[in-house]
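Asks: The structure follows.
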């Protein structure tokens, strides 16, 4: 909420990348609310989260939508950063606000379509075959269909984009060094991008790898719910906590770490009603 408020309150931060940052914050907020919904159901009736029921179908579907939206936003940010660096010397293409808005709309449409497939009928409410043990009443084949492609997207595309950014910056630094020009700016940018990409990978690995492992276990498991209680369900709850930690880590890595935004956030704290324009300037 702090990220969303700060970015919407400062007009000079309404740039294409800022739209993606703000949308990422909305996705994280959606993930947190969906997780809170599931937690309340667990508190009031723990059995429905273990044995599954119709009441869990909508919360799990919206939780899936929020996770997919977060993944697609992270990928979009990586692509935007790559285009901004790779095309910075060319005038034929620029990432504009309309491009970012289109990416945001596509991300949400795709996330809602894939995440709401169980609400459209792809579920195992009335079937004991192919039923997920960890995420009843989802079907195992649906979880595999959702998890495997999106895990590949979440890891491969950011890896390519950030490695390409580092390579481009290094080539330009070497080219400027050969011409006898100062390379301090490019060296600083290369270090910052490398550090950020490492944080992105570690956070994504810590947050989503256990969930993916749980889906693989779910697909290969042939035991019933009672035999797996409570150890496997504790592991499932831990994976949900790690995804929530990802929602807390994204603003730190992508947004609050930006000096401009940090300065704006500090400025907003001390604004009075009659000094908003003066302090902003």
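Placed from the backbone N, Cα and C atoms, the Cβ positions cover glycine too.
The domain 'G-protein coupled receptors family 1 profile' annotation in TrEMBL covers 1-254. Feature annotation from TrEMBL assigns transmembrane segment to 17-40, 60-79, 100-122, 142-167, 198-217.
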Asks: What residues elsewhere in the chain lie close to the transmembrane segment (17-40), defined as a C-beta under 8 angstroms and at least 6 residues from its ends?
Replies: 1, 3-4, 7-8, 49, 56, 59-60, 62-63, 65-67, 69-70, 73-74, 76-77, 80-81, 84, 95, 97, 100-101, 103-104, 107, 240, 243-244, 246-248, 250-251, 254-255
Asks: For the domain 'G-protein coupled receptors family 1 profile' (1-254), provide the mean pLDDT of the predicted model.
Replies: 79
